[in-house]
Amino acid sequence: MSHPATDDRQPTHTPAALIAFAWTLVGVPLAYGLYNTVKAASALFGG
Amino acid sequence: MAVPSFLARERIVARPGFNRWLIPPAALAVHLCIGQAYATSVYKASLVSHFESTLTAIGIIFSIAIVMLGLSAALFGTWVDRNGPRAAMFTSCVLWVTGFLVGGVGIEMRQLWLVYLGYGVIGGIGLGIGYISPVSTLIKWFPDRPGLATGMAIMGFGGGALIAAPLSRQLMSYYDPAYVPSDSTSVPNGEAVAALFFTLAALYLVFMMFGAFIVRVPANDWRPTGFDPASVKKKALVTTENVSANNAIKTPQFWLLWTVLFCNVTAGIGILEQASPMIQDFFRTGETSTVAAATAAGFVGVLSLFNMGGRFVWSSTSDFIGRKPIYMVYLGVGMLLYVILALFGSTASWIFVLTAAIIISFYGGGFATVPAYLRDLFGTYQVGAIHGRLLTAWAAAGVAGPLIVNGVLDTQGTPGQLVAANYRPALFIMVGLLAVGFIANLLIKPVSEKFWEPKATTPATARANPERSPVR
């Protein structure tokens, strides 16, 4: 398979929306997990 | 083994101007999914009842998966480095999802061996490939902050369990309305667990494929804006040379680091394995403990948070203070904390919780910092493969840690009647182990020149002949 050499490659631009979408996609489940864990952990402090 | 062209490394070389901040979410998409492996306890009791089996027989599912993780990371590390992160993430996704599907069918058909084969063997191989898949890519995208980069990904592995545990409880209560997640005596039926497996398979397929298709590798000559590679050389243990995976395992540095990781993980597992009964036993008077079961579950939650947070915070900190010093903290301060835990842990609950939480943050930090330590010592050339081989220390510690703690506690009395003093022998063994790790870390010096690859070695030549140049 042939591919252009690195120097010949056309510059690109990563859309900020794609970066925001990607971070949201992983951030939302992580926030859900953190929220539930903090809720469980609060039992330790009488919460 | 060749991969289809759409997965090939050459297809995913980023063009100039690509934003590297798209890579951490790609890595997290994989690690958040495979981190489910540490949430298996939520359906353990259900499987015991469904298969009319024992906790040990069901626990073997997890043990097989972790052993396969260590073995596959060691065996396929070179393949991962050669074919790039998309091929690795794609393969990991296929295996991890297939593991859930086969395991789910095994539960439906009441065939435990199918669960061993599916989740344990097939899923376990997916775990190992998935764990190492983004590591070397992140290190190459973040040469200026490798600790931060690997910390983010490996934090995801800790975060995966935080997501999977409550999500699994909610899904099982949906599939089995009789199951009440908030009632610790309530157990979902086997069909609910099978349905959970199929649902997780679908979710993980979407997430992991997303990661596989947005990931890119940097061009060989790419550098972050304003980053001067020469500045890396300023730190004594940071090399600008490269060492192959085959040569790395011939160096004392590899085995010293293996010892460091083994000791740090064994010590952490000692607490993690016993967290819930341990806090109750430390505050027991006679038959009753002043710590309720719900409070003990809260303690497990606190440890999970520190385990995850430690991965990110300590690994990022290592970029500033260096890898060797941060392991001196993990192991040296860890020793001190274990002594405090053993001698004064039962005097006040805040002392117990604080010391255990910091120890667990060091445990997580040890996992997350080790890829950057390997990069410092052996260069980026085959760092994924070297990392894979180093993870055999994790598999070994996964066996040794529980064996030490359970073995000692078995000689001390009956579960449910143990007190703080019964834990002291096990805790002091952990202090000894951390001392061994501390010394091993102190002995780590730069890798000898005879193991360096010739200067012409690039990722491209390495892929063409991964076993080249056994010695310089």
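Glycine is no exception: its Cβ is also placed from the backbone N, Cα and C atoms.
Quick caveat, the model's predicted, so the values are computed rather than measured.
What TrEMBL records for B:1-449 is domain 'Major facilitator superfamily (MFS) profile'.
As annotated by TrEMBL, transmembrane segment applies to B:21-43 (among others).
Residues 1, 37, 40, 44, 47-48, 87-88, 103, 112, 115-116, 119-121, 123-125, 127-129, 131-133, 136, 245, 382, 384-389, 391-392, 394-396, 398, 466 of the same chain lie 6+ residues outside the transmembrane segment (B:55-80) yet bring a C-beta within less than 8 angstroms of a C-beta in it. Annotated transmembrane segment per TrEMBL: B:55-80 (among others), in sequence order.
Residues or ranges marked as transmembrane segment in TrEMBL: B:87-107 (among others). Sequence-distant contacts of the transmembrane segment (B:87-107) (same chain, at least 6 residues past either end, Cβ-Cβ under 8 Å): 3, 7-9, 26, 30, 33-34, 47, 50, 61, 79-80, 113-127, 129-130, 132-134, 190-191, 193-195, 197-198, 200-201, 204-205, 208-209, 211-212, 215.
If you look up TrEMBL, you'll see B:113-135 (among others) marked as transmembrane segment.
Non-local neighbours of the transmembrane segment (B:147-167) in the same chain are 23-24, 27-28, 30-39, 41-42, 131, 134-135, 138-139, 141, 200, 304-305, 307-309, 311-319, 323, 364, 367-369, 371-372; each lies 6+ residues outside the stretch with a CB under 8 Å from one of its CB atoms. The transmembrane segment annotation in TrEMBL covers B:147-167 (among others).
Under the heading transmembrane segment, TrEMBL lists B:192-215 (among others).
Under the heading transmembrane segment, TrEMBL lists B:254-272 (among others).
The transmembrane segment feature in TrEMBL is assigned to B:292-314 (among others).
The transmembrane segment feature in TrEMBL is assigned to B:326-344 (among others).
For the transmembrane segment (B:350-374), same-chain residues at least 6 beyond its ends with a Cβ under 8 Å from one of its own Cβ atoms are 135-136, 139, 146-147, 150-151, 154-155, 157-158, 248, 257, 260-261, 264-265, 267-269, 271-272, 275, 279, 282-283, 299, 302-303, 306-315, 318-319, 323-324, 326-327, 329-331, 333-334, 337-338, 340-341, 344, 383, 386-387, 390, 394. Positions annotated as transmembrane segment by TrEMBL: B:350-374 (among others).
Residues or ranges marked as transmembrane segment by TrEMBL: B:386-405 (among others).
Marked as transmembrane segment by TrEMBL: B:425-444 (among others).
For the transmembrane segment (B:386-405), the list of distant contacts is 63, 66-67, 69-78, 80, 128, 131-132, 135-136, 243, 245, 248-249, 254, 257-259, 261-263, 265-270, 273-274, 367, 370-371, 374, 378, 426, 429-430: same-chain residues at least six beyond its ends, Cβ to Cβ under 8 Å.
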